[in-house]
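Visitor: Straight from TrEMBL, here's the annotation block:
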TRANSMEM  62-94  transmembrane segment
DOMAIN    214-429  domain 'Glycosyltransferase 2-like'
TRANSMEM  391-411  transmembrane segment
TRANSMEM  423-449  transmembrane segment
TRANSMEM  504-524  transmembrane segment
TRANSMEM  530-553  transmembrane segment
Amino acid sequence: MSPFMKLFLFLCDSLSPSSWFLVQRHNLASSSSETDGVVRSGIIGEIGYIWKQTRILVCIPILQVLVTLCLVMSFLLFIERVYMSIVVVIVKLLRRRPEKVHKWEALKDDDLELANTNYPMVLIQIPMYNEKEVCQLSIGAACRLSWPLDRMIVQVLDDSTDPASKDLVNAECDKWARRGINIMSEIRDNRIGYKAGALKAGMMHHYVKQCEFVAIFDADFQPDPDFLTRTIPFLIHNHEIALVQCRWKFVNANECLMTRMQEMSLNYHFLAEQESGSSTHAFFGFNGTAGIWRIVALNEAGGWKDRTTVEDMDLAVRACLHGWKFVYVHDVEVKNELPSTFKAYRFQQHRWSCGPANLCRKMTMEILQNKKVSVLKKLYLIYNFFFIRKIVVHIFTFFFYCLILPTTVLFPELQVPKWATVYFPTTITLLNAIATPRSLHLLVFWILFENVMSMHRTKATFIGLLEAGRVNEWVVTEKLGDTLKSKLIAKATTKLFTRFGQRINWRELVVGLYIFFCGCYDFAFGGSYFYVYLFLQSCAFFVAGVGYIGTIVPTA
């Protein structure tokens with residue numbers, strides 16, 4: 001109310017009868033309320049106008065740029081996946097098995113028993129850290145390899161700090177030493193460099209100098225007895241080959257839905273990425289285990305370095321830049337265990353996503369300046385291997401399917417072509433599913449789960465590119481082992497909801513809420529059934545957000 005109106009009421013109150021004053025006061029108050037309503041309506045109108053202009057001039061152009069970038073990434077990713085699939089199909093149709101492409105002659109059984117000096121000296125390294133659930137399996141499998149006993153050294157690199165783990169490792173090493181196996185248990189007084197540091201320290205022992213090749217197995221890997229006899233011939237008869245990588249076979253793939261989906265992703269990785277890289281460029285990323293190196297090549301490349309959390313990929317790229325070639329043998333399988341708890345899987349995926357991005361940052365200029373490899377191989381390393389497979393795939397998956405597409409329901413002006421939302425994703429999904437035919441019925445779950453995990457992979461990728469806080473974080477992937485799992489099943493039934501708050505993952509819940517809100521908006525105002533996908537995807541984020549995925553390990 002204005003000062004003039006207040007003055008007018010004051011004068012009326014002083015000079016006029018009270019009844020007349022009350023009537024006039026009521027009339028003026030009503031007029032004032034109408035004025036305030038008009039003012040409020042004007043303010044709301046101004047806010048609406050400002051939002052409309054902001055939407056047209058700022059939000060939509062920015063979102064349109066993001067959509068365009070995602071469409072470009074979608075196209076690049078689609079071409080890459082189709083290219084790898086075509087290579088694999090050609091390899092299979094022409095039956096270009098590694099034994100036919102490279103010189104390979106099987107070792108004779110009678111020579112094997114003679115243990116003569118014609119057999120090269122092989123070092124077998126098993127790095128481990130507090131892995132009492134699986135250490136006996138890996139040590140036992142390595143000691144059972146079919147190879148002359150005097151031409152093989154088993155080296156257990158035990159960085160364990162847990163007394164129980166140390167005792168189990170020592171007892172297992174003593175058991176096999178009494179059986180005539182040349183086995184060494186090497187213990188460091190620190191964990192500098194983590195796995196890379198342990199492998200580097202292991203290579204410095206005097207007895208390693210007599211070895212020509214080194215096979216590496218993580219603590220949960222169990223090679224078959226014929227592993228060396230099937231892989232060593234590639235290295236013996238082809239002196240340009242530095243690495244023979246074998247396929248992983250998962251012993252606990254059927255444990256839960258999460259392990260089934262991991263199996264689908266990793267089977268595609270081996271069948272498409274490793275096979276195509278080996279067949280066309282003689283290069284692929286070393287998987288850190290289930291492989292055997294030529295020690296001369298390993299040393300020429302500079303040995304193990306701990307500058308990133310992917311020391312295996314680091315070594316492989318450096319060896320490639322020195323002109324060495326790699327061979328992937330799909331038919332040789334090595335049994336191992338998938339992480340079955342969501343927490344362990346998240347830590348593993350952080351390391352596997354952050355490390356390559358950080359390595360790309362560190363090695364791009366080194367690759368460009370290298371004089372020993374062709375321009376084509378440099379392009380393959382930087383574009384195909386690093387940019388598309390290690391960076392674009394994570395960023396695109398999260399931003400496009402979890403942020404951009406849900407946001408388009410709030411901005412109908414944005415048009416996303418059907419090839420980007422239907423045709424390309426369907427093709428990529430089917431190509432992935434071919435690697436694991438028995439899991440075709442799980443495709444929908446796999447898509448939703450991969451979109452959830454893309455959030456963590458994207459965050460880790462940016463951490464690696466920017467060298468932010470957790471860039472060098474190394475958390476050993478937890479293995480439960482068969483013995484521990486049998487105990488946990490009975491225990492989990494009674495303590496399923498113990499310390500529920502510790503399983504809450506707030507990032508998943510926030511993204512899930514946003515996608516759910518977009519789904520509700522599309523359901524109420526949209527003209528399609530896109531909300532079905534949005535509700536399903538939000539449910540996947542909610543399930544992950546409350547930690548109800550994978551094997552639930554009681555904390556008490």
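All residue numbers here begin at 1 and follow the chain in the order shown.
The backbone N, Cα and C atoms fix where each Cβ goes, and this holds for glycine too.
What you are looking at is a predicted structure, and each value in this text was computed from that prediction instead of being measured.
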Visitor: For the transmembrane segment (423-449), could you work out the same-chain residues 6 or more beyond its ends whose Cβ comes under 8 Å from its Cβ atoms?
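Guide: The answer is 74-75, 77-78, 81-82, 85, 257-258, 260-261, 263-265, 267-268, 270-272, 401, 536-537, 539-540.
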Visitor: Counting CB pairs under 8 Å, which listed stretch among 62-94, 391-411, 530-553 touches the transmembrane segment (504-524) the most?
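Guide: Answer is 530-553, with the largest number of Cβ pairs below 8 Å.
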Visitor: Do any residues of this chain, six or more beyond the ends of the transmembrane segment (391-411), have a C-beta under 8 angstroms from a C-beta of it, and if so which?
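Guide: Residues 55, 59-60, 63, 66-67, 70, 73-74, 76-77, 353, 356-357, 360, 420-421, 425, 450-451, 454-455, 457-458, 460-461, 465, 511, 514-515, 518-519, 521-522, 526, 530-531, 534, 537.
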Visitor: Which bits of the chain, at least 6 residues beyond where the transmembrane segment (62-94) starts or stops, bring a Cβ under 8 A of a Cβ in it?
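Guide: Here the qualifying positions are 271-273, 275-276, 279-280, 384, 388-389, 392-393, 395-396, 399-400, 404, 407-408, 411, 414, 416-417, 420, 424, 427-428, 431.
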